[in-house]
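Undergrad: Provided herewith is a single structure, encoded as C-alpha cells, for subsequent inquiry.
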Amino acid sequence: MKALYLLGLLAFLYSCSSENVYDLQPESSEEENPGTFLEAIQEQSRTCVPRDGDCTENRKACCRSKIFQDRCQCRKVSQDKVACSCKQPYWLMKIEEILGDIPEKPKPVEGKCVKKHHDCSQRKNDCCPGSMENYTCKCYNTLEEGAKESEICGCVSKADHQILAQGFRYVKRLHDLR
C-alpha cells in the first residue's frame, strides 16, 4: 500500500513538473501592447498537437491525455532530418490504465457553486473547488439552547472537517458533564 502511495506521489510530482511554465516578464516588442502576450499564451494553449501528431515545429505543444501531458519524442530519419511526434511514455500509460477514468464532478446548479464555509444542506454535491484541494459538504449535529439538537452543513476541506468534528465532540462532552 505504501508503494502505491509513493507511486501516486511520484506520478503527481512528475505531472506538476511537466506543465509548461511561462515567463511572465513581457519581451521588448510586447511592452507596447500587453494584450498580445496573454493572447499568445491563450492561443498556444488552445492549439495543441494530438497524440502521434507532428511536433517538430513546437516541441512543447503536445496535448494532455486523461492525466499526464504527452511528450514530444524525436527520431532521426536521415543524416540531417529529424521527425518528431507526440507520444506518451510507457510507464505513464500504465499508470493511466491502473487509475482508469477520472470521473468528472457533477455540474453545479445554475452555474454557481457553494463557497467554502457556506450552507450546503440543499446542494450537497455543489461545493466549489479549492486552490489546493476540493471541498466537500459535511454536516454536524450541534446543541442549541435548551438541549435541542440541530444540524448545520458547510463546504469544508478535510483538515477543516477534522478540526470542526473534534471541536463539536469536545463541546458535546462538556455539555454532557453538566
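Note that Cβ sites are derived from N, Cα and C of the backbone, with glycine treated the same way.
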Undergrad: According to Swiss-Prot, which residue among Cys63, Cys84 is joined to Cys74 by a disulfide bond?
TA: Cys84
Undergrad: Please work out, from what Swiss-Prot records, which of Cys120, Cys153, Cys155 forms the disulfide with Cys139.
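TA: Checking Swiss-Prot: disulfide partner of Cys139 resolves to Cys153.
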Undergrad: Identify which of the disulfide-bonded residues Cys72, Cys86 has its Cβ surrounded by the largest number of other Cβ atoms within 10 Å, counting every protein chain shown.
TA: Cys86
Undergrad: Quick one: which of these disulfide-bonded residues, Cys62, Cys72, Cys86, Cys120, Cys137, have their CA within 10 A of Cys153 (disulfide bond)?
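TA: Of everything listed, what lies within 10 Å of Cys153 (disulfide bond) (Cα to Cα) is Cys120, Cys137.
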Undergrad: Would you list, in sequence order, the disulfide-bonded residues among Cys62, Cys84, Cys86, Cys113, Cys127 whose CA lies within 10 Å of the CA of Cys72 (disulfide bond)?
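TA: Hits: Cys62, Cys84, Cys86.
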